[in-house]
Ligand code: IPM
Ligand code: MG
């Protein structure tokens, strides 16, 4: 049976990296006799330029008609002056909401091949880094109403609302505990319950949901402490359960300490298909169009797409093995080390596709 994947390349390096991700998927399809059909739609600044909106209706329809969505990146200085509802970021926030993608899974893994790139002290890095941020993605201060900028007491005043309902907390907590059951069975829930009511409710509901998962060890941590612990000793974490804004910040931090923002994939899932898969890095406008981007986060997102989006774990393994093999010899500029061969985005994609075909 054929599966449809909707490609949303977006802006900046988005087009270059999605082309490599597609190559990997096509190589897998050829190797395993799977039929993959690709559709493509506009999002972000590219969509705004062509249609006047960062998320055209046709894009939402194309995504909904697919089995999985594969996104590059959005945004760039060209669109920075636009009003909030026209900005490229609105495209990505909008598609998350439209598809009900409330659960964002962001694994941060220090591959042995890349230990040299890790920003941590060798003694800390040696303890290992293999965690996953389970971030709530359709609520919190990102979407809470009221929001705006208005004049109060003669001053322009900006305001946003941090907001979570019990049900929103419950469903993401379930995802975190289920994820932990397949890993080291430890969940650390992040909040700011010493200050915020939203966080007090968060902690209460997470503690209640935990009763259904007696095998999982649950701890709670304030977000400021978590930011510190992540650089001090990330090996203490298995699953980090967070709200939208804390997860946005902590997942970049978790990715950066691995030394290779260009390596980390993500999945955004809802109650039903399609889910959306994307690298966690941005559109990198400074290197766009120069064949310098690292496509591996996107290629690893393709592996997540196969595993979580299309229930094809063996095929996903194939991609991940090919990436490890490729790293043994080839590197893009961001992860270059002595003794390796420096390659561009396209060549890295070719190497991985070739390995998938021949391994
Ligand atoms: C991310 C990004 C997005 C977010 C932006 C592009 C809206 O930073 O996926 O982490 O804040 O969620
Ligand atoms: Mg972010």
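Including glycine, each Cβ sits where the backbone N, Cα and C put it.
Here is what TrEMBL records for this protein:
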- 76-89, 282-294: NAD(+) binding site (BINDING)
- 96, 106, 135, 224: substrate binding site (BINDING)
- 224, 248, 252: Mg(2+) binding site (BINDING)
- 4-352: domain 'Isopropylmalate dehydrogenase-like' (DOMAIN)
- 142: site 'Important for catalysis' (SITE)
- 192: site 'Important for catalysis' (SITE)
Highest Cβ count within 10 Å among the binding-site residues 76, 84: which residue is it?
76
Where does residue 135 (substrate binding site) sit in DSSP terms: helix, strand, or coil?
strand
So, in DSSP terms, is residue 106 (substrate binding site) helix, strand, or coil?
strand
In Å, how large is the greatest distance between any two Cα atoms among 96, 106, 135, 224, the listed binders of substrate?
27
10 Å Cβ neighbour count around residue 252 (Mg(2+) binding site)?
18
Return the average pLDDT for the domain 'Isopropylmalate dehydrogenase-like' (4-352) as a whole number.
95
Helix, strand or coil by DSSP: which one applies to residue 292 (NAD(+) binding site)?
coil
Here the binding-site residues are 80, 224, 248; the one whose Cβ sees the most other Cβ atoms within 10 Å is 248
If you count other C-beta atoms within 10 angstroms, which of the recorded positions 96, 106, 135, 192, 292 is the most crowded?
135
For the C-alpha pair, I'd like the distance in angstrom between residue 252 (Mg(2+) binding site) and residue 106 (substrate binding site), rounded off.
10
One residue among the binding-site residues 284, 288 has the fewest other C-beta atoms within 10 A of its C-beta, namely 288
Recorded positions near ligand 1 among 84, 142, 192, 248 (Cβ under 6 Å)
248
Rounding to whole Å, the Cα atoms of residue 135 (substrate binding site) and residue 284 (NAD(+) binding site) are apart by 23
Spatial separation of residue 192 (site 'Important for catalysis') from residue 76 (NAD(+) binding site) - C-alpha basis, Å
32
Using a 6 Å cut-off on Cβ distance, which of the recorded positions 76, 88, 142, 248 come close to any atom of ligand 2?
248
